[in-house]
Amino acid sequence: MQFFYTPNFNPIILKVGCISFYWYGMMYVLSFIFAMWFLKYRKRYIVNDIFSSTSEIENLLYLNFLGVVIGGRIGYVLFYQWSMLSQDKLWFFKLWEGGMSFHGGLIGVIISIMWFSYCKNQSFLKISDFIVPAVPVGLGLGRLGNFINGELWGRVTFDIPWAMLFKNALLQDLLTLKIHPEWKFFFDYYGALPRHPSQLYEMILEGIVLFVVIYIFSCKSRPEGSISGLFLLLYGLFRIIIEFFRQPDIHIGLINNFITLGQVLSFPMVIFGFIIMYVSYKFK
């Protein structure tokens with residue numbers, strides 16, 4: 001029988017008394033630190049006509065961070081886990097347990113940029129173009145955090161040598177066996193069903209690849225809005241592709257037995273991204 005790797009990470013970095021520090025939360029801290037450094041670098045060497053001082057960048061990042069956390073959590077509750085609030089009223093605040101929605105976080109960031117651009121009398125797209133190149137690194141680190149937590153695993157596969165066994169997928173495995181009882185032999189042998197490590201797929205595509213493309217594209221002067229449009233377009237496409245390998249949420253499943261909620265939420269990103277890029281180049 002083929003060997004499949006079983007990730008077995010402790011989600012807690014260290015524990016001091018009754019306080020625990022989690023890898024998932026650390027990914028947000030690292031993302032914030034990188035964004036702070038990278039955007040100051042962009043102001044100094046690439047774009048220097050938007051902010052009068054680095055303190056303005058810091059203020060914007062604080063707003064964005066709040067937008068990501070609040071919007072991401074609200075989005076996750078509304079889109080994926082509304083029922084959890086009825087079981088645990090404080091669950092909304094347990095961010096260390098995971099459970100963030102990119103699309104909700106995106107809405108939160110958009111609102112924070114709108115507020116900042118209004119207060120500073122700056123163009124919304126000009127500011128978003130400045131910020132966007134720093135976003136993919138945060139996305140990649142977030143997916144790494146998902147992998148360490150053993151969540152958001154992929155669909156069952158027996159055809160690839162890098163398939164993995166996720167212990168936290170036990171309930172999903174048992175439900176899958178009801179549909180595919182012929183896989184019970186593999187479940188009994190491995191103790192789990194081998195799955196795509198879709199968190200790592202997302203880390204590579206939405207983190208590394210997207211960062212490289214957006215960074216190279218943003219190093220030259222571009223029409224206002226084109227960088228933001230390219231980000232929306234590429235992220236939407238990458239997410240739609242990866243969703244075919246990612247296990248749909250257990251309580252939602254496939255919509256019309258074909259499409260996932262993540263794909264439904266990503267299609268508008270592709271459309272709006274294309275429109276923004278088209279308009280930005282047509283009227284530059």
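Any Cβ shown, glycine's included, is placed from N, Cα and C.
Predicted, not measured: the structure shown is a model, and the values here were computed from it.
Sequence annotations record features per position, and here Swiss-Prot assigns transmembrane segment to 19-39 (among others) based on sequence analysis.
Counting same-chain residues at least six beyond the ends of the transmembrane segment (60-80), those with a Cβ under 8 angstroms from any Cβ of the stretch are 28, 32, 35-36, 39, 51, 92, 95, 99-113, 115-116, 127, 131, 138, 249, 251-252, 261, 265. Sequence annotations record features per position, and here Swiss-Prot assigns transmembrane segment to 60-80 (among others) based on sequence analysis.
The transmembrane segment annotation in Swiss-Prot covers 98-118 (among others).
Sequence annotations record features per position, and here Swiss-Prot assigns transmembrane segment to 130-150 (among others) based on sequence analysis.
Within the chain, the transmembrane segment (199-219) has long-range Cβ neighbours (under 8 A, six or more residues past its boundaries) at 42, 46, 129, 132-133, 135-137, 139-141, 143-144, 146-147, 151-154, 226-227, 230-231, 234-235, 238-239, 241-242, 245-246. According to Swiss-Prot, the feature transmembrane segment maps to 199-219 (among others), an assignment based on sequence analysis.
If you look up Swiss-Prot, you'll see 225-245 (among others) marked as transmembrane segment.
Feature annotation from Swiss-Prot assigns transmembrane segment to 258-278 (among others); the stated evidence is sequence analysis.
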Sequence-distant residues near the transmembrane segment (225-245) by C-beta distance (under 8 Å, 6 or more away from its ends) are 102, 125, 128-129, 132-133, 135, 139, 154-155, 196, 198, 201-202, 205-206, 209-210, 213-214, 217-218, 260, 262-263, 266-270, 272-281
